[in-house]
Amino acid sequence: MSKYYLKAPYQPKGDQPKAITKLVDGVNSGREYQTLLGATGTGKTFTIANVIAKTGRPALVLAHNKTLAAQLCNELREFFPNNAVEYFISYYDYYQPEAYVPVSDTYIAKTSSINEEIDMLRHSATRSLFERDDVIVVASISCIYGLGIPSEYLKASVKFKVGNEINLRKSLRELVANQYFRNDFDIGRGKFRVKGDVLEIGPAYDDRLVRIELFGDEIEAIRYVDPITGEILDSLNCISIYPAKHFVTPKERLVTAIDDIQKELKEQLDFFNKEGKLLEAQRLEQRTKYDLEMLREVGYCNGVENYARHLSGREAGSPPECLIDYFPKDWLLVIDESHVTCSQLLAMYNGDQSRKKVLIEHGFRLPSAADNRPLKSQEFWNKANQTVFISATPGNWELEISSGAIIEQVIRPTGVLDPLVEVRPTKGQVEDLLDEIRERSRKKQRVLITTLTKRMAEDLTDYLSENDVRVRYLHSEIHSIERIEIIQDLRMGEYDVLVGVNLLREGLDLPEVSLVVILDADKEGFLRAERSLIQTIGRAARHIEGKALLYADNFTDSMKKAIEETERRRAIQESYNQQNNIVPMPAGKKANNSILSFLELSRRVQKDGIDNDLVEIAGNVVDEFKFNNNSELAIENLPQLIDELETKMKKSAKDLDFENAAKLRDKIHQLRKKLIR
């Protein structure tokens, strides 16, 4: 019996029941690959949620970017409130990989900034996979990178159970070995403290504290407590505290690894000396010996990931263990927007290896550093279990390997039809576009515009803004999480028009958008290929008045095929509605994203330069501080403001006003980031 409980205010409709039945039968019969060819807005996520619930298997849902992963995770958490729906993406806020540019003799050291909240979510995902069998992990493509050794990670966990006797000193040593740090004053994730007969731990996978109460050597109680107020949140009978880092190396393995690194170093030095590369030999010897000394003394060094093959005991060229290896044997892989995601699998490995090759050739790293890498495409498929591809426009490869198991889902439960598509000449297109935007704005509807170049998008945004259109420009330099926020603002009506280049196609769930505009639709190429056009047109497929405007002076084959496919689907939908007396109804999705809120990564640009939320929650505190000429908080005032806000936060917590205390905590976190910059 399935351990999943699917909660939804509606039942499968249209061709969802047929798609669910076929997919479930395919999974249960052991079919390796299936493709759900679902038009935009037909409820593909709900269909997959039903498949997961009926098959009862742990599932990995793979998305091609963080924005789409957050959206999927949010939807699945609403469908499965009582099950473990986890979020696993890259934990870097900023990442500059190690590199060397031979032409200019420039070495670039690795620099990065790890987001603690995302790191916690990653640990939560692996913990759930060890402890539960009702787990759905929504991940970005970063899940194919090495993630330690699951068996060692599990083996290293420290277990506590009520009624058991423990050696406290031994348990503390085990926590330290698992990279937890003792801090009796500032407790948090990855830290622990001891006060009398109470041990408190900040586990890597949770923002709550674990309090272990002792009576002599016996564990009397295990509780979850609030880290700010100390309020008891839950009582437990037993708990496993997993390592603070996924990469765990036992002492005996570390000794062997150091020996192996020394042997490889000797071989590579002999090679460089034989080739007359004395500078490379000297550079490699100096760097590696320093790293070896650090490994001996503290078990860690900067760039330790480059020795991952030796530390994990893998053979040369063997694939690293990643998130997939934390799953049990019988699991389900779901690849969303597969026509994009599958191609990423190949690109990730190739890009990584070209950079590593230069570092190795010039003596910055040992050859084994090349094995600190993402999975190759074939290695990924060797590890994958049964797979369901999802896309409105599947790639040829997915269609080929899913031959005989391609399930089409065209009918929308809402009865909404595919957009009407109209082609207009480019002459006078901007003025014509402005009229269309004003008409949609009067109806409180939203507009998406896609251009071919960044320059054109910028110029169009400026022009529309000058003509009193509330418009934003979405471009590639915007942080992934901020992108989610911009899309949320569009849905909430903060502005009416969103302009972009290649950011408005796959996966964006925008029921408020009634008009999609494609400029230069007749310029053949990747951005105006058949699949791209179908995907872009589909952004207006959730609105009753959905329409797509293609500005072009010629009629390309891609345009012809995209329009024909849209009209084919529209005819099927219209016929179904007539036969079943269905009147199209607008989609009523909430414009919220709990993942975005949880990550504490809001970077909203305030129109007046002052954080209005900060003013609202902190009362008059902000008014007492000076502002610079740009109406922003002067940097020299930040430390004092942070102190004041911390005082108010503690008072709010003491007064049991936890909501306000949490808001103040978030703002303090943001201000500290500004101070660091």
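Backbone N, Cα and C define each Cβ position, glycine as well.
Summarising the annotation, Swiss-Prot assigns domain 'Helicase ATP-binding' to 25-412 and lists sequence analysis as the type of evidence.
Under DSSP, Thr40 (ATP binding site) is assigned to coil, being neither helix nor strand in the three-state scheme. Around Thr40 (ATP binding site), the C-beta neighbours below 8 angstroms that are at least 6 residues distant in the chain are Ala392, Gln535, Gly538, Arg539, Ala541, Arg542. For Gly38, Ala39, Thr40, Gly41, Thr42, Gly43, Lys44, Thr45, the entry in Swiss-Prot reads ATP binding site, with the evidence type sequence analysis.
Taken from Swiss-Prot, the feature motif 'Beta-hairpin' applies to 91-114. The motif 'Beta-hairpin' (91-114) scores a mean pLDDT of 87 in the predicted structure.
Taken from Swiss-Prot, the feature domain 'Helicase C-terminal' applies to 429-591, supported by sequence analysis.
What Swiss-Prot lists as domain 'UVR' is 639-674.
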Spatial neighbours of Lys44 (ATP binding site) that are distant in sequence (at least 6 apart) but have CB under 8 A:
Leu36, Gly38, Asp336, Ile390, Gln409
Long-range neighbours only, meaning 6 or more apart in sequence with Cβ under 8 Å: which ones does Gly41 (ATP binding site) have?
Arg412, Thr414, Val416, Gly538, Ala541, Arg542, Ala587
Beyond the site residues Gly38, Ala39, Thr40, Gly41, Thr42, Gly43, Lys44, Thr45: chain residues whose C-beta lies within 8 Å of the centroid, for ATP:
Thr47, Ala392, Gln409, Arg412
Could you give me the DSSP helix, strand and coil counts for the motif 'Beta-hairpin' (91-114)?
0 helix, 15 strand, 9 coil
